């Protein structure tokens with residue numbers, strides 16, 4: 001019993017010792033490895049693979065399928081624009097910014113509940129063209145995401161512009177990879193991605209309570225930031241091919257119209273998560289903390 005107590009005390013001391021560079025070095029290695037894997041996959045699928053990709057099938061798409069994909073990416077771009085506009089508007093309104101900057105447990109839980117609630121509301125309403133309840137719920141959800149992103153404006157405009165360009169490069173490159181890969185190659189990653197999401201979510205919660213100045217806190221923070229960046233990049237591959245498959249397989253004559261808003265929700269949230277993590281890394285949040 002004495003030996004077990006001693007081993008437990010030593011383990012706790014190791015976890016609570018000041019953080020070194022190891023946790024963040026591992027995180028940077030994960031990102032570098034993911035980037036190398038993505039580049040290698042793009043070269044393979046674009047040059048060597050003989051399997052049919054979405055890019056190959058594009059020549060056989062009907063006008064209806066092309067219109068569905070265009071509509072999906074129109075709403076995706078509009079979602080990004082609404083989120084950015086809302087974040088800037090909140091940043092310029094001190095009363096709203098004070099609410100967005102609150103870091104209490106109640107405010108964080110409330111923000112998560114509102115985010116999930118508006119997302120579920122948006123996806124539950126049937127799609128109709130024009131401005132209706134579906135579009136209003138979608139705009140509300142984009143505004144809520146803007147409120148979550150608003151505190152990042154404290155990092156400064158130049159850094160956020162740089163993070164936006166990096167995000168555009170990552171999203172563009174991964175979208176190209178998803179188009180060049182065999183049309184359903186990444187759709188088989190749903191199970192592993194769900195497990196990874198659980199790990200990143202738990203790490204994010206843990207990093208809220210454990211200071212990143214300790215080894216355990218730094219490790220959890222590194223998983224949340226760097227591991228989350230790799231995870232949501234993989235989600236973007238998965239969701240991009242999911243958008244294409246939905247557009248191809250939705251019946252032309254159906255009582256329920258193809259829903260471009262629901263179709264874009266996955267790639268939209270992937271992009272937001274990638275942007276938040278890139279901005280955090282550029283701001284020094286993923287490096288050594290003293």
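Cβ atoms here come from the backbone N, Cα and C positions, even for glycine.
Unlike curated records, TrEMBL annotations are generated automatically.
Outside the transmembrane segment (73-93) by six or more residues, the chain places 100, 138-139, 142-143, 145-147, 149-150, 152-154, 260-261, 263-264, 267-268, 271-272 with a CB less than 8 A from a CB of the stretch. The transmembrane segment annotation in TrEMBL covers 73-93 (among others).
Here TrEMBL flags 105-124 (among others) as transmembrane segment.
For the transmembrane segment (136-157), the residues of the chain that approach it from at least six positions outside its boundaries are 75, 78-79, 82-91, 96-97, 100-101, 111, 114-115, 118-119, 121-122, 125, 261, 269, 272, 275-276, 279, 282-283, judged by C-beta separation under 8 angstroms. Per TrEMBL, transmembrane segment is recorded for 136-157 (among others).
Feature annotation from TrEMBL assigns transmembrane segment to 163-181 (among others).
Residues annotated as transmembrane segment in TrEMBL: 193-210 (among others).
What TrEMBL records for 216-238 (among others) is transmembrane segment.
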